[in-house]
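Student: Attaching a single structure in structure tokens format; questions to follow.
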Amino acid sequence: MKRRHSSVSDTQPCEPPSVGTEYSQGASPQPQHQLKKPRVVLAPEEKEALKRAYQQKPYPSPKTIEDLATQLNLKTSTVINWFHNY
């Protein structure tokens with residue numbers, strides 16, 4: 001099992017923070033005014049095109065990724081993430 005905090009010694013008990021304290025006390029790693037990026041929702045046609053491309057080549061070249069992104073009007077990072085997650 002990996003340890004989450006390397007600064008915690010073996011003799012100290014590790015207690016999880018209580019619910020809600022990390023935001024109310026400002027202990028979050030990012031400032032509160034920064035919101036998460038909205039999730040990319042792919043259209044069914046885009047999903048099908050990506051699945052077909054995956055069936056042909058599960059590990060596409062950067063050129064293939066760029067071509068797919070251009071054809072589907074998506075960011076290259078979106079296409080890369082889709083292949084990583086699929």
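Any Cβ shown, glycine's included, is placed from N, Cα and C.
These figures come from a predicted structure and were not determined experimentally.
The region 'Disordered' feature in TrEMBL is assigned to 1-38. Per TrEMBL, the feature compositional bias 'Polar residues' maps to 21-33. What TrEMBL records for 33-86 is domain 'Homeobox'.
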Student: Can you check how the pLDDT averages out over the domain 'Homeobox' (33-86)?
Tutor: 95
Student: Taking DSSP states H, G and I as helix and E and B as strand, how many residues of the domain 'Homeobox' (33-86) are helix, strand and coil?
Tutor: 34 helix, 0 strand, 20 coil
